[in-house]
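Undergrad: Taken from TrEMBL, the feature domain 'FYVE-type' applies to 13-70. The domain 'C2' annotation in TrEMBL covers 127-249, 284-417. Here TrEMBL flags 89-120 as region 'Disordered'.
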Amino acid sequence: MSRLEDMRRSVLGDGVNRCILCGEQLGPRGSACVVCEDCKKNVCTKCGVETTNSRPHAIWLCKICSEQREVWKRSGAWFFKGLPKQVLPQPMPVSKNKGPQPPSEPGPSELPTQDQKLPSRAPTRATLGALEFSLLYDQENSSLHCTLIKAKGLKPMDSNGLADPYVKLHLLPGASKSNKLRTKTLRNTRNPVWNETLVYHGITDEDMQRKTLRISVCDEDKFGHNEFIGETRVSLKKLKANQKKNFNICLERVIPMKRAGTTGSSRGMALYEEEVDRGGDIEERGKILVSLMYSTQQGGLIVGIVRCVHLAAMDANGYSDPFVKLWLKPDMGKKAKHKTQIKKKTLNPEFNEEFFYDIKHSDLAKKSLDISVWDYDIGKSNDYIGGCQLGITAKGERLKHWYECLKNKDKKIERWHTLQNENHVASD
């Protein structure tokens, strides 16, 4: 013990840029450094002790922490430190009718014991923290707005007793990367205030009836995997269109595994996927926002490709390099085909491009517009992601969109369309 105290008094460095024990300069211009497993301070390899400690890889300790472990081991303090305090719990309200029991227990000594034991009875909700947020379904623009306001009393995740929290959103069921949104990370706090709004585009009334929003709070780690703190889930069918709803919910540590993970996901986030009951193939392809307008002034059809959402991942990195092709059929030669710019490494590209077709209004009823989304690949044929066809031969929303365009001249009409996985020839 005296040797341990002498070592603590004789430290010379700060444990960051200089060795905590000898004070020698560390880094590229100085000595090689290692991090002590216990105190997390930097030490040089001369003042460090390498030990395996029954682990598959070796760990390093500074001489102070190594000596501390030796003292604990020899004195038996580790054994007594690990023993739980055996204290009788406070009597339940039912047992208050029994008179002789309360006087037999020392009242003052039990009050703090009760406070200490209460959190351990419900650790999942009491210690993970609470999250305040609001949700708004904009029916006109087919979008879901999630405003993350703040969190309070988050579980400490770092050695300094704090955390580096951020919030991540997933729409279930669905592929993880295509519908994942996240806030910025706030450093060294257990009570973060984000006031940040994240928006999902292309959300239909059908999505609102069958999808669930998973909101998870995580701790960012620069040198390792990010850690999960807690989550909450909201069924979207509980929301009313165009009415903001506020939430203040305690986080829970829900077991996320619904089924085995799928390919094309990072860090096992596909474990949060749930089985799609119907339209699974359609859901995986994604959606596209298209605008149509027949301009009487220019004498032609203006087609706008606004954006795509939740596209299927076609590359090994879990993303795609999407672009959109247009083809007005029957063929009008080279003027019938157009394509957008390529957007790199994204599953939610925003194009905002318009294309003009010089055609009479009377001839437009005989035509159909083929829209296809592709993944660009260098040195090989491009991959087909999905597509849809608008025209009088189409059905449902596709037919309705085309009909409204013909009926309402000089009026831009935007509609979301679900991409189908149909057989297509390789793109140009």
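Glycine too: its Cβ is placed from the backbone N, Cα and C atoms.
A TrEMBL annotation is a machine prediction, not a hand-curated record.
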Undergrad: Averaged over the domain 'C2' (284-417), what pLDDT does the prediction give?
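TA: Residues in the domain 'C2' (284-417) carry a mean pLDDT of 89 in this prediction.
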Undergrad: Please list, for the domain 'C2' (127-249), how many residues fall into helix, strand and coil according to DSSP.
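TA: Helix, strand and coil residues of the domain 'C2' (127-249) number 9 helix, 61 strand, 53 coil.
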Undergrad: What counts of helix, strand and coil residues does DSSP assign across the domain 'FYVE-type' (13-70)?
TA: 8 helix, 18 strand, 32 coil
Undergrad: Quick one: DSSP breakdown of the domain 'C2' (284-417) into helix, strand and coil?
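TA: Per DSSP, the residues of the domain 'C2' (284-417) fall into 18 helix, 63 strand, 53 coil.
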